Every structure is written in C-alpha cells, then in structure tokens.
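**Student:** What Swiss-Prot shows for this protein is this:
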DOMAIN    1-35  domain 'Rubredoxin-like'
BINDING   CYS6, CYS9, CYS22, CYS25  Fe cation 1 binding site
DOMAIN    52-181  domain 'Ferritin-like diiron'
BINDING   GLU69, GLU102, GLU165  Fe cation 2 binding site
BINDING   GLU102, GLU132, GLU165, HIS168  Fe cation 3 binding site
Amino acid sequence: MKKFKCVVCGYIYTGEDAPEKCPVCGAGKDKFVEVKDEGEGWADEHKIGVAKGVDKEVLEGLRANFTGECTEVGMYLAMARQADREGYPEVAEAYKRIAFEEAEHASKFAELLGEVVVADTKTNLQMRVDAEKGACEGKKELATLAKKLNYDAIHDTVHEMCKDEARHGSAFRGLLNRYFK
C-alpha cells in the first residue's frame, strides 16, 4: 500500500493509487502526491541559533533585547508583588500575565541567538544543573556576606533564593538522570 497526500489540505490517503477526489477538500486526483517514508519530516520548524553569523549590529540588538526582556520579567513580577501588597490583585495578575509574555519574548531571542540554549535537551539540562549549582554557591556567598554585615532582610531573601537554586538544580539533575543516564 502507498500513501498519497493532498497538497491542498494535507489529507493522507492510503491505497494503491490516489483517489479521484479528496474527501476533505474536493481537490482532484492531480493534487495528490505520493508520500515517501521520510520519518516525521515537517515542512518547517523552529531552529536554534539562526542568528549565528549575522550582521554585528543585528546580533547586538538581539542580545540587548534578550537582556531587556529578561529584566522586564523580574521587574513585572516585583511590581505584581507590590500591587498585591497594596490590595490591587487585578493589577498584580496583569503584571504576572505580561511578565509571562515577556518571558516568551526572551525565550524567542534565546532561540534565535543560540547562546544560552542548544538544540539538544540533554545538553541543556546539564548546562542548567551546572548553572544552578553556580547560582546556589554565589547566592550563598552573598547571603553570608549580608549576614556578616547585619543586613538581615537581604540575608534572609538571598539565602532563601540560594535554596531555591539548589531545588532547581536537583529537579534538573533528576530529569537528566531519568531521561539520559
């Protein structure tokens, strides 16, 4: 048995010959092409690092936008927390929603650049395990210094984030071990 695809609507027909008419869109037999077994090939898909080798000014703009979008995520979430403290939960939710949209923008810049993400999940997980370990250590050092200088609020907040980084790293390590070791 062969497979035939309607180039108009994408319908796949299995048989010895293409049908006289597409049952979905009504296109004639001449609009069917035989499909060779090529796996799951897609007509197009997102690719990591398409900006590699582009004009220097464009590259700098992409990097600046990535940094800006990441910064906005943090700012908007902080603003959401403040709005909640002042009793404006709807404002807080708007900030959170917009922060997520800014995070999506940042992720697209990251994909274009291909500098902080690669086209391999195992490698991405390992990079994050390593990065979260470093972030945990850096925050622990900062928290310790803040405590030494009697900046209790700074110590408490940064120390809690240090523990969050350890939790993140453990989660990534668990996924790495489950899927790739």
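Using the three backbone atoms N, Cα and C, a Cβ is placed for every residue, glycine included.
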**Student:** Closest of the binding-site residues to CYS25 (Fe cation 1 binding site), Cα to Cα, picking from GLU69, GLU102, GLU132, GLU165?
**Tutor:** GLU102
**Student:** Near the domain 'Rubredoxin-like' (1-35), which residues from the same chain, at least 6 beyond its ends, have a CB less than 8 A from one of its CBs?
**Tutor:** none
**Student:** Cα-Cα separation of GLU102 (Fe cation 2 binding site) and GLU132 (Fe cation 3 binding site), in Å?
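**Tutor:** Counting only the Cα atoms, the answer is 22 Å.
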**Student:** Going by C-alpha distance, which of the binding-site residues CYS6, CYS9, GLU69 is nearest to HIS168 (Fe cation 3 binding site)?
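**Tutor:** So, spelling it out, the nearest of the binding-site residues is GLU69.
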**Student:** Report, as a single number, how many Cβ atoms besides its own are within 10 Å of the Cβ of GLU102 (Fe cation 2 binding site).
**Tutor:** 20
**Student:** When the Cα-Cα distance from CYS9 (Fe cation 1 binding site) is computed for each of the binding-site residues GLU69, GLU132, GLU165, which gives the smallest value?
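**Tutor:** Going through GLU69, GLU132, GLU165 one by one, the Cα closest to that of CYS9 (Fe cation 1 binding site) is GLU69.
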**Student:** Whose Cβ lies within 8 Å of the mean position of the Cβ atoms of CYS6, CYS9, CYS22, CYS25, the Fe cation 1 site, other than those residues?
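**Tutor:** Those within range, site residues removed, are VAL8, GLY10, TYR11, PRO23, VAL24, GLY26, ALA27, LYS31.
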**Student:** I'd like the number of other C-beta atoms within 10 A of the C-beta of CYS6 (Fe cation 1 binding site), please.
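**Tutor:** Result for CYS6 (Fe cation 1 binding site): 23 other Cβ atoms within 10 Å.
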**Student:** Go through the binding-site residues GLU69, GLU132, GLU165 and tell me which ones have a CA within 10 A of the CA of CYS6 (Fe cation 1 binding site).
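**Tutor:** Of GLU69, GLU132, GLU165, within range: none.
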**Student:** List the residues of the same chain that sit at least 6 positions away from GLU69 (Fe cation 2 binding site) in sequence and have their Cβ under 8 Å from its Cβ, in sequence order, or write 'none'.
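**Tutor:** Listed in sequence order, they are GLU102, ALA103, HIS105, ALA106, PHE109.
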**Student:** For CYS22 (Fe cation 1 binding site), which DSSP three-state class applies?
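**Tutor:** Coil, per DSSP.
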**Student:** Could you round the CA separation between CYS22 (Fe cation 1 binding site) and GLU132 (Fe cation 3 binding site) to a whole angstrom and send it over?
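**Tutor:** The separation of the Cα atoms works out to 53 Å.
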**Student:** Under 8 Å between C-beta atoms and at least six apart in sequence, can you list the same-chain neighbours of GLU132 (Fe cation 3 binding site), or say none if there are none?
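**Tutor:** Looking at Cβ-Cβ distances below 8 Å from GLU132 (Fe cation 3 binding site), excluding near sequence neighbours, one finds GLU165, ALA166, HIS168, GLY169, PHE172.
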**Student:** Can you check how the pLDDT averages out over the domain 'Rubredoxin-like' (1-35)?
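**Tutor:** Summarising the domain 'Rubredoxin-like' (1-35) by its mean pLDDT gives 94.
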